[in-house]
Amino acid sequence: MNYFNSLNFRQKLINLRKCKLVEKNFFSKKCDILKRKNIVIVGCGSQGLNQGLNMRDSGLHVSYALRGSSILNKNKSWENATKNNFFVDTYENIIPTADLVINLTPDKQRKEVVTLLQKFMKENSVLGFSHGFHIVEIGQKIRNDITVIMVAPKCPGTEVREEYKKGFGVPSLIAVHMENDPKKIGFEIAKAWAYSLGSHRAGVLHSSFIAEVKSDLMGEQTILCGMLQTSSLVCYDQLVSQGKDPNYAGKLIQLGWESITESVKHGGITLMLNRLSNTAKIRAYILSKKLKVMFSSLFRKHMDDIISGEFSKNMIDDWNSDDKKLKEWRTQIKKTDFEKCKICHKEISEQEYFDQGLLMVAILKAGIELSFEIMVETGIKEESAYYESLHELPLIANTIARKRLYEMNLVISDTAEYGSYLFSQSAIPLLKEFMNELCPGDLGEKISDLQFDNVTLNKINHDIENHPVEIIGKKLRKYMVDMKPIKLS
């Protein structure tokens, strides 16, 4: 039963709106509460491995629980754990010893896994998740004596590790399931877990399982994954149709997202637009307004289906059909020209990505603002909407820079991957049609400087800087004083 849909209207609003920045002084006890505790992570995929590495480096005792068949067959999860010198054992042997069990298995496996875990978990232990989908959308009941918490890093597992190694971290949402906090210790344990990942350096929001799920699904389906995937494919095809060398076009798109979104990470949409000439800024502003109008209905449909539970229902139906749609969409993406083009060795400077990617800048501006606006309209607090529409964006772009869409879809969850493909099915035809409106200088070449009046430029600058996502962004980025620049690919 969908837990969110079982709540009354007031309870839904209270949970959607729950979001408060945890001030740095609240982390004075670091992760001491978890020292000398047995922490067992279930599953050793991208999130499982990289969270475990961070926690161990923070002084915690971490081991892994895998299925007996996984250990016997020495599968990828077993290999991930053992190569990094973690202790691995079966559920029945290791779960009864755990004080904190962190379930990082894929969403589609969690009902079966959580049922099994509850058979072995000792009394008054803690069960952790890094995504609230199972609790909110599946609604499985958890044993009354078990405390249920969440620490949800706002990025793929690979970036959880990379940011930690830089001495920084990634923002996380933490929450305690209101049906399962018998000892009233959930918040302190979640806070310590977040600290061990390095999230205290980047920003920790005290949220709810519901707010995390609904905002996370919206962000990943639209601007974070769906829009980047859609735009990569359509912009690549457009560049090739304009006569650009296919391999150069591939590099411009693949590495362009990373270079452009790095500016967003440090200074929001304002800094991204400031990297353009004044003529290009005005043109990007105009294009982004048109893109917002064009994509508005599609973005709202995704939000509506997420809130109603329709998205989850359809995805679960696909799980029960052996991922028929998911597998078809994966195959389609793998066969695209963008994914198959060769590596280009021609040097492209950082500024050239901006100069030749004016349309890409406009797409990012439109997608960030639209997803943020619709989340806030729905009742999600601005802080949550910011992380899900803007801050996580460069972290996703980093994955595309490594191995294009293959890498992005590999490291994000199956739930994010399904939602991204679903969005692209409708978004690609829209963006292809929009390409007919492009002018020289919008994509693949630098726009010629034109005369403009100061009044127009001043108004555009004011509009960009005073959008609500920019206002909350300035506040939250003050928390991220130790944020490190990425080494561009």
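Along the chain as shown, residues are numbered 1 onward.
For all residues, glycine too, the Cβ spot is worked out from N, Cα and C.
Among the features that Swiss-Prot reports, NADP(+) binding site is placed at C44, G45, S46, Q47, R67, S77, D107, K108, Q109, G157, with the record citing sequence analysis. Mapped onto three states, the DSSP output places C44 (NADP(+) binding site) in coil.
If you draw a 10 Å sphere around the CB of E388 (Mg(2+) 2 binding site), it holds 28 other CB atoms from the protein chains shown. Under the DSSP three-state reduction, E388 (Mg(2+) 2 binding site) is assigned to helix. For D216, E388, E392, the entry in Swiss-Prot reads Mg(2+) 2 binding site, with the evidence type sequence analysis.
What Swiss-Prot lists as Mg(2+) 1 binding site is D216, E220. According to its DSSP assignment, D216 (Mg(2+) 2 binding site) is helical.
The DSSP secondary structure for S413 (substrate binding site) is coil. If you look up Swiss-Prot, you'll see S413 marked as substrate binding site, on the strength of sequence analysis.
What Swiss-Prot records for 16-207 is domain 'KARI N-terminal Rossmann', and it gives sequence analysis as the kind of evidence.
Here Swiss-Prot flags 208-343 as domain 'KARI C-terminal knotted 1'.
Sequence annotations record features per position, and here Swiss-Prot assigns domain 'KARI C-terminal knotted 2' to 344-483.
Cβ packing within 10 Å was compared across the binding-site residues S46, Q109, S413, and the lowest neighbour count falls to Q109. Sorting the domain 'KARI C-terminal knotted 1' (208-343) by DSSP state (H, G, I as helix; E, B as strand; all else coil) yields 118 helix, 0 strand, 18 coil. Each residue in K154, S215, M218, G219, E220, L224, S384, Y387, S389 lies on the same chain as D216, E388, E392 and has a C-beta within 8 Å of the C-beta centroid of that Mg(2+) 2 site, without being one of the site residues. Residue pair S46 (NADP(+) binding site) / E388 (Mg(2+) 2 binding site) shows a Cα separation of 19 Å. When pLDDT values are averaged over the domain 'KARI N-terminal Rossmann' (16-207), the model yields 96.
For E388 (Mg(2+) 2 binding site), the spatially nearest entry among the binding-site residues C44, R67, D107, Q109, E220 is E220, judged by CA separation. Residue pair S413 (substrate binding site) / R67 (NADP(+) binding site) shows a Cα separation of 20 Å.
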